[in-house]
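As given in TrEMBL:
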- 4-96: coiled coil (COILED)
- 123-166: repeat 'WD' (REPEAT)
- 190-212: repeat 'WD' (REPEAT)
- 213-256: repeat 'WD' (REPEAT)
- 257-293: repeat 'WD' (REPEAT)
Amino acid sequence: TSLKKETMQLMDKINETIELKQKELLEKDKKIQRESQQELLKLRADIEIMKKDFNEKEKQLLSHHDKFVKLLEEKNEKLVQDIQKLSNKDEQKEDDNTISSNSKQLSIYTLDLLRSSKLLTIFSGHSSYIRSLQYSSLDGGRFLCSGSYDRTVRLWDLDNNKQIQIFNEPSFVWNAKFSPYHRDHNRPTICSASGDKTIRFWDIKTAKEYQTFKEHSNSVYTIQFSPFTGGRYLCSGSGDNTIHLWDIETSKSLHVFNGHLNTINCVEFSPLQSNSDNTIRLWDIENTKQLAAFNGHEGTVKSVKYSRNETSI
């Protein structure tokens, strides 16, 4: 009987403990629910604040956008008015044109004084990338020459919208220009810079090569005729990191400008040259000395040009 009584007392204590734990769990559960509900309400309130803030910023952004568009429209209108004033002046001797090219075709655009960028003609014929384009100074810029990766130089008649001559090269054509020196000597000529380390002169009428310069030891990427002495002198830049100054009349290399750290991509008389070591260098033709080196570019310099008054580059 005593054992039974003790057992009953122990069972009562266990039941009381279980009941107490259940109450504690229930209270904790209610507390968690209350806290979760509070967090949820707070989160919803934060979302509403964010939505309101976003709507206000969206309105501000739209307002700024409208003002910006209006400003652009006003500036564009003024630009058109200025251009119209210019177009009312005396006509220019030549149209304002620009040239664009892609991998398979040659396209010529007229800017129409920046108002329409109207496409005039598409000249097709090249089978690879076009690397070089130049208008002729003959017949008011009637002709255009192009050099391509397809190993050809082509001559185009802009008046009749057709190709009139093709010059076949053994390698990529990096640069092609009309020769002012041969023009003045009544032999219309195109000069080309090639991937086979060679500079060639082509007779436009016969499409035959009749003069060649071969002293570079790598691809010739750029050529430029002198603006003096009727273009008698030619400057060339190469992947051999040198510039050559040529006398076209004697077919001789007069000077070699060394010291470049990489490929010569562009030359401009005096000669001024740009190359793949991110610099522009200025040379004295007579004594072959470097006059200046312009640093600052962080990548390859592909093109250089003097200002009209030749005081800046």
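Glycine residues also receive a Cβ, built from the backbone N, Cα and C atoms like all the rest.
TrEMBL annotations: computationally assigned, not manually curated.
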Same-chain residues near the repeat 'WD' (190-212), Cβ under 8 Å, at least 6 residues beyond its ends: 145, 147, 153, 155, 165-167, 169-179, 182, 218-223, 225, 234, 236, 238, 240, 246, 248, 251
DSSP residue counts for the repeat 'WD' (123-166), split into helix, strand and coil: 0 helix, 25 strand, 19 coil
